[in-house]
Amino acid sequence: MANKKIRVRYAPSPTGHLHIGNARTALFNYLFARHNKGTLVLRIEDTDTARNVEGGAESQIENLHWLGIDWDEGPDIGGDYGPYKQSERKDIYQKYIDQLLEEGKAYYSFKTEEELEAQREEQRAMGIAPHYVYEYEGMTTDEIKQAQDEARAKGLKPVVRIHIPEGVTYEWDDIVKGHLSFESDTIGGDFVIQKRDGMPTYNFAVVIDDHLMEISHVLRGDDHISNTPKQLCVYEALGWEAPVFGHMTLIINSATGKKLSKRDESVLQFIEQYRELGFLPEAMFNFITLLGWSPVGESEIFSKREFIKQFDPARLSKSPAAFDQKKLDWVNNQYMKTADRDELLDLALHNLQEAGLVEANPAPGKMEWVRQLVNMYANQMSYTKQIVDLSKIFFTEAKYLTDEEVEEIKKDEARPAIEEFKKQLDKLDNFTAKKIMDAIMATRRETGIKGRKLFMPIRIATTRSMVGPGIGEAMELMGKDTVMKHLDLTLKQLSEAGIE
């Protein structure tokens, strides 16, 4: 195996959108392939027809491309080892099913689900781990054939099970976990390799595919560790060499310390959800790659090229990776600060249009206004959808201050500062950020009020917020009429509250 060309695969099931955990698996395989100048194969594992979702494969492909992952072989681009959808490989699997049946390494099993469940219940009652018990124990070849013929005559459809040899140790050197081993009597007995509908099971099909596609390394989540001894059993039955395995640690929710579960609604877990919020693909690539893999040095922001250069599976963590939403927000903010402003404009415009704040086809003047709005908030946002809440003041009618804002203004010499600032603004013909800041300085000279006691009342009175972007830029975008209305309404409210 050491001399073979690196060939890895990402093999999702088309059961829904791209999950963070699956995206990490895809990224690690991508980086491993590119670092070693190897080949990445995309394979769609769609044999579980009951769970397949229409459009699921296309959704996976689209979101992988969005993340910046490409592959060398797959259902969309072809290759020398296809087909790349398991549903199109049934004849291939059948060939090896037949081989194992002929060699006596597999057999037809007619036990019904009801019989199997009754068997499991009995085992649980006895304190025994549920496992399949060979149904033809003590029978001759002729007796087995007769029993199977009788079952077929009753209309029963069989599964095919593979014989698990007794007293065998299945072991491998895992490139993440180290040496692992399982005894053959701990894996649940002879397991199904072909279902009643003729489709292969996962643990059989994956072995056939990985061998025929010459996969050299299998990097996947550690929830697959229990599958590995079953797959090694199939490799041995067919006389094939197994690939190198590496099982990545699970991802936990940093807030709860529990495994990241699709049922956990406290954190968004699908790539498409982050796309809708306006996260950048480069930021998602960066953040997800650091979930369970440590680069050299202290830096936390890397380009794709730097990741490819550094990636070494030996640096994959043996401890669970913590998914921290605040950390993801920070990473995305770092990328937004240097992102192409046209890209941010497109994302933020989509968010504003989804919220009904900007029309579908804005006029050039309105587009320029939106561009200025996005540029103003770019460094402040963790993701572009935040602009909907941050910029509400620009899309709403003048309103009264909140009780909290009134209490804040009470601390300062608010009224004289606001009144003088209103006078200074009234003189302006050109309502630009520079002129507005000049008006604030003039207010300072006229009133003697300075620092926070000057700026906070003016900010609250004009923008209805105690924090925000540059106050001059904000007021320029709001427009003089709106700002003057806010000032008038603020002074009226202060009078009503008896604040002079």
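For all residues, glycine too, the Cβ spot is worked out from N, Cα and C.
Sequence annotations record features per position, and here Swiss-Prot assigns ATP binding site to Lys262 based on sequence analysis. Here Swiss-Prot flags 12-22 as motif ''HIGH' region'. Annotated motif ''KMSKS' region' per Swiss-Prot: 259-263, in sequence order.
Here the motif ''HIGH' region' (12-22) has Cβ contacts under 8 Å with residues 44-46, 48, 51-53, 56-57, 59-60, 63-64, 221, 250-251, 260, 262, 269-272, 288, 291, 323 of the same chain, all six or more residues outside its ends.
Under DSSP, the residues of the motif ''HIGH' region' (12-22) split into helix, strand and coil as follows: 3 helix, 1 strand, 7 coil.
The Cβ neighbour count for the residue listed as 'ATP binding site', using a 10 Å radius and every protein chain shown, is 11.
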